[in-house]
Structure formats: C-alpha cells, structure tokens
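From Swiss-Prot, here are the annotated features:
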TRANSMEM  13-33  transmembrane segment
TRANSMEM  72-92  transmembrane segment
TRANSMEM  96-113  transmembrane segment
TRANSMEM  116-136  transmembrane segment
ACT_SITE  124  active site
TRANSMEM  142-162  transmembrane segment
ACT_SITE  146  active site
C-alpha cells in the first residue's frame, strides 16, 4: 500500500489533538467533579456538567452484560474497526470524507482509552436538556469523544448523500 507520508503525519497530528482534548476534559471532570454530582449549570438547566460513568455503549446499552462479552464487543471489535477506519482515512482523497473519518477515529480512540484505563467506565459529563423530544427530557450524558463520532458520522452521511455522482440515472 502506497501511503502518502504527509497525509499520515497530518492525520496522526489531528487525531492526537482531538484525543488529547477529550482525555484532558475527562481528566478535569474526574479530578474536580465528584462522581454522580453536578458541577455547573448554564442557562438554567439547559446545559450541565455532571460526572457519570458509562460501562455500556451509546445510551448505556450493554451495561449489564458479562464482562468477558464487554471486552469482545466494546474493546476488541471496536479496535479492529478503528484499524480499518484509519487505513481507509489514509487512502481517502476527499478532504471532507477524511475529516469525518478522523473525527470518528478520534472519538473511538478516546472512549477505548477510557475502557482500558478507567475501571468505573467511560467518563461522561455533558448533559443537555432535550425538551421532551423523542420522549426525553434530557439527552443521555455524553463526552467529547461521543460528539466526535456523531459529528463525523453526520458529516460523512450528509456529504455522501449530496455528492453522489449525479450522472448515474436509475
């Protein structure tokens, strides 16, 4: 595989910056906010910083499954997927797609670091009021790594939907 050295270096730098910011924010929360407590509230209760842990995945799904299965589904499989995403990002020529892939990769790495080194689970701390949308008064608490993954997926999907080759008529 012919890898563009500049692309590799720029990807690694960008990933490192995003992962550092995610881990630094989690470090601050773990250091200064007692687990299970609210630290700050902005605009009434629209946005809160609260320290919680998540031993599952999105919306705490899988929190109650056996720990050996958690290692398989929440560590091993995601690491394999991230290796493929990284190799794909190196081959991707489109800057928007590469940006989206790097966001997804950075978020995945940030949460895998928590799974490996934080026995209480992934640190979540961003809490947003959701005004009853989808039956939720508050969106499930999340972190910057989660945001990277979601924004990366949205960018990737929107870009893919609106830049498909329009010359193909079905």
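Every residue, even glycine, has its Cβ placed from backbone N, Cα and C.
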Rounded to the nearest angstrom, how far is the Cα of residue 146 (active site) from the Cα of residue 124 (active site)?
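So the alpha carbons of residue 124 (active site) and residue 146 (active site) sit roughly 9 Å from each other.
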Which state, by DSSP, holds residue 124 (active site): helix, strand or coil?
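Its secondary structure by DSSP: strand.
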Near the transmembrane segment (72-92), which residues from the same chain, at least 6 beyond its ends, have a CB less than 8 A from one of its CBs?
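Distant contacts of the transmembrane segment (72-92): 1, 3-4, 7-8, 11, 56-57, 62, 65, 98, 101-102, 104-105, 108-109, 112, 115-116.
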Using Cβ atoms and a strict cutoff of less than 8 Å, what residues sit near the transmembrane segment (116-136) while being 6 or more residues removed from its termini?
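Residues 25-26, 29-30, 33, 35, 38-39, 45-55, 75, 142-147.
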